[in-house]
């Protein structure tokens, strides 16, 4: 039944390929009949579910209400389009704007699980704040050292731009270095000046990329798993 439901959802959404404006337009009667068939399948499935579910449970389920509203919106959309077509007052792109609604209604349980996951992430954030603050402190201190080490030596990048002379730009460049996205380009001007300066960047990568990032991810994972286990029982 789930496979059949997704088939009719796919069929309903695929009508947009054949409705005006379309590369392969079909007569309005054909597309409208197919859409009505799909809506009848959705309504039949909903009716069947209502027969095997307690009434108070059925009406408390937001998903059922959303599917019912989606069917009504689709029928209203189809009826309005048909009337406008009869009187030749219509926007061809106006039909089918609510077609994705049945699909969204079917995906509501997954969306609720995603919402629970985001709630778990939100509960995890306060507990990883201290690790994040330590990482930012390390980044700011290394940026200050880089500014003092390289900023006073009038070094330039390969593009001829000032090298580590602005503190905020230094913080950003080293932050990118944590991801190793600008490695080894960011260290080459200092390395060309003196190969000993490579020790600074090696120490930075070890402390921030390998130690702090590993610690940060471990704290995030453990706390997220703990909150997720409590939330889902």
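Heads up, the Cβ atoms here are built off N, Cα and C, so glycines get one too.
Per TrEMBL, domain 'Ion transport' is recorded for 6-226. Sequence annotations record features per position, and here TrEMBL assigns signal peptide to 1-16. The feature transmembrane segment is assigned by TrEMBL to 26-44, 65-87, 128-147, 167-184, 196-221.
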Ranking 26-44, 65-87, 128-147, 167-184 by the number of C-beta pairs under 8 Å to the transmembrane segment (196-221), which range is first?
128-147
Checking distant contacts: for the transmembrane segment (167-184), what same-chain residues at least six beyond its ends satisfy Cβ-Cβ under 8 A?
139-140, 142-144, 146-147, 151, 191, 201, 204-205, 208-209, 213
In the predicted model, what is the mean pLDDT computed over the domain 'Ion transport' (6-226)?
81
